[in-house]
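Novice: According to TrEMBL, the protein carries these features:
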- 5-43: domain 'Sphingolipid delta4-desaturase N-terminal' (DOMAIN)
- 43-61: transmembrane segment (TRANSMEM)
- 68-87: transmembrane segment (TRANSMEM)
- 107-124: transmembrane segment (TRANSMEM)
- 210-230: transmembrane segment (TRANSMEM)
- 366-388: region 'Disordered' (REGION)
Amino acid sequence: MGARLSRSDFQWVYTDEPHTTRRKEMLQKYPQIKQLMGHDWRIAAQVVVTVLIQLIMAVLVRDLSWRYVWLFTYVISGTLNHSLSISFHEIGHNLAFGNHRPLANRILGYIANLPLCIPSSVTFKKYHIDHHKFQGDDLLDPDLPTYFEAWLFQSRIGKIIYIAAQPLLYGVRPLLRVPKPLTLLEVVNLIIEFVFDGLVMYFLGRKSFVYLFFGTVLGLGLHPISGHFISEHYIFVEGYETYSYYGPMNYITYNVGYHNEHHDFPNIPGYLLPKLKKIAPDYYDNLPCHTSWIKVIIDFVRDPNLGPKSRIRRTMRSDALRANNAIDFKSKTKVNEVLNDIDNNNNHHTQHLSKEERILNYKKKISGKTSDSSSIVEHMNNEHSKQE
């Protein structure tokens, strides 16, 4: 059980994330994909039904023995609270009510957050958008494990603890990697959640609070659904950095398993991602995928080649922003210009280069152009505050 993983470092690449290029190719080949973009009312319906079930269960468990409280906490509350946490993903992309109704999306996020007992819906959105824009970036992707995590959780026992600690790591990691200032919306989220927690304790008691709170802690930890944390971007097959899961748990998790599809088109609701796969089978059927999140967890723990370091890292986008002094942040336009230049170069210039040529080209672009990387984070924080 103490065997350490054999991977000595993250996998460093000198190419950009693949989804922007795929998106452009697919839209040219299958323009009907645009008809799937938008929002889906079923997201809000599923959230409301799940929250109501959790509130009813919180009432029912208050008179049960502790043995059954803990059983229902893991099996029922763990499953439903994890499902609600995944709804943040859909809501964060404004897929419940659309981009034109931001207030409705925020309110739904607050409602979905209630049974989790930990304020997180607003903070999730704040960091998750950067994960899409800067996937795998050593400095800017908040989803990448820290170097401390990679060092600490190397053994099999360590990897079990790593999975069990996902609620803590998933919440703290962005604050350490790409810290951003607290926003008013987060304060509102915190107040609503703490008031709800107090009401549960006062009117229903400890058992009901344990059912809800530890449903979050256990459900997002060593739980079958937590396989999605590992399955999405950890390297199970060399050369691939995003993986989809096609299995029955998608029905209660807003099709979050369709992860390649989601990264290709973040503005398509999860309910419609299976249709995307059917429209463009040549882009998905030949990609490696998962069919069991439980097997993902078991393989992650047992395979010495898998661990926190089994992630692709790159510095292309953060280096491009540094080199072009693109973080004055009146500068959202300027940042987008730099990122668009990267996308265009990927499409027209680097796609036929060898690995050695790409590395040489990459080093030439950034040579002699340096600036303090902390300024990138600082300016990103300022820009985000303005947007909020």
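Just so it is clear, glycine is given a Cβ too, placed from its N, Cα and C backbone atoms.
Could you place the listed features in the three-dimensional structure?
Specialist: Per DSSP, the domain 'Sphingolipid delta4-desaturase N-terminal' (5-43) is made up of 20 helix, 2 strand, 17 coil.
Tertiary neighbourhood of the transmembrane segment (43-61): same-chain residues 68-69, 72-73, 76-77, 80-81, 83-84, 87, 90-91, 95-97, 108, 111-112, 114-115, 200, 204, 207-208, 211-212, 215, 254, 269-271, selected by CB-CB distance under 8 Å and a gap of 6+ residues from either end.
For the transmembrane segment (68-87), the list of distant contacts is 43, 46-47, 50-51, 53-54, 57, 61, 112-113, 115-116, 120, 124, 207, 210-212, 214-216, 218-220, 223, 225-226, 228, 252-254, 256: same-chain residues at least six beyond its ends, Cβ to Cβ under 8 Å.
Taking Cβ pairs closer than 8 Å, the transmembrane segment (210-230) reaches residues 54, 57-58, 61, 69-70, 72-74, 76-83, 85-86, 115-118, 160, 163-167, 170, 197, 200, 245, 249, 253, 256-257, 259, 290, 292-297, 300 in its own chain, all 6 or more past its ends.
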